[in-house]
Amino acid sequence: FCLMAAPGKVAAFRLPPLPTIGEIIRLFRLKALKQLSQNFLLDLRLTDKIVKQAGELKNAHVCEVGPGPGGITRSILSAGVEQLLLIEKDARFIPGLQMLSEAAPGKVRIVHGDILNYKMEKAFPMHLKKTWEDEPPDIHIIGNLPFSVSTPLIIKWLENVSKRDGPFAYGRTQMTLTFQKEVGERLTANPGSNQRSRLSIMAQHLCTVENCFIIPGQAFVPKPEVDVAVVHFTPLVQPKIQQPFELVEKVVQSVFQFRRKYCFRGIETLFPEHGRLKRTEQLMMTANVDPTLRPFQLSMSQFRNLCNAYRKMCDEDPSLFVFSYREELRQKKTTRSLLGSTGQPKQTGEENQL
């Protein structure tokens, strides 16, 4: 590598001349695998734009998820980071990433593994750790995520935010990630929007979520059928719903269970059949939520009220939280079968929807 500096200025890191991303793909005979929903981004102007959304990266520590052939990796290194951790599941990309590592001696660490299983509590130096109330630490997560992993991964990281563990053991670590355009719209949707969903509430009650810009599908190789959104997350100092992650997730999932019906219909699924109507009315009255609103019309404060009221009911009756509506339906179906139904009992529309 070489260091180039103007007189009186701190030297900036520059990568040496390297094969283009297209040449790397040809050199190592790389091919995007459809079953892994891989799409390569070859335009370095776009990778630079993604990295710019992460904020100031000079001397920062960055984890890139799924670097693939290394387009975004080059842009991250060119931003002057102190250390770059690459987590790549597909072994075919490792040789190309090692070439980048050799071009930036001492800056790159490559881990061949699955990000869903990787423990990030010890991924960065402990001196970077900040208290939750401080400004975010000099740590960033950046990634062009495969579509197949993006939703489960952001839910996992949101749970980490809630519990302040994983990459958030260091403080309010920021994330800049790609999603299908529709998922990006769900993550940032406001009350009343048709895109308002479980993801909207789970993300926005824990983070400031910004839909930065859209990358057209034709910028990727192979071209996906959808456009791609770049989304930036900054964890909030105080979550908007101050209840355990599992409780918030259960309430939100239940509300959106029947997203086209009145919200009380989904809320009913929080309770066993015996006493269901009475308890649903009690919850909605305590939370002061209009039962005829649709799920996507509910505000964050209404979800907060529902979670707080449900928590109080669970404290009074701990069996409530472990109740599963799906399991109740399954048992009823089994009972019907045992009572002499021939063949498979016909599913109700409700069961089909679930």
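Glycine is no exception: its Cβ is also placed from the backbone N, Cα and C atoms.
If you check TrEMBL, you get these features:
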BINDING   Asn39, Leu41, Gly66, Glu88, Asp114, Asn144  S-adenosyl-L-methionine binding site
COMPBIAS  336-354  compositional bias 'Polar residues'
DOMAIN    46-237  domain 'Ribosomal RNA adenine methylase transferase N-terminal'
REGION    334-354  region 'Disordered'
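Locations of recorded TrEMBL features on the structure.
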| residue | record | Cβ neighbours (10 Å) |
| --- | --- | --- |
| Asn39 | S-adenosyl-L-methionine binding site | 20 |
| Leu41 | S-adenosyl-L-methionine binding site | 21 |
| Gly66 | S-adenosyl-L-methionine binding site | 23 |
| Glu88 | S-adenosyl-L-methionine binding site | 23 |
| Asp114 | S-adenosyl-L-methionine binding site | 12 |
| Asn144 | S-adenosyl-L-methionine binding site | 26 |
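Across the residues of the domain 'Ribosomal RNA adenine methylase transferase N-terminal' (46-237), the predicted structure has a mean pLDDT of 95.
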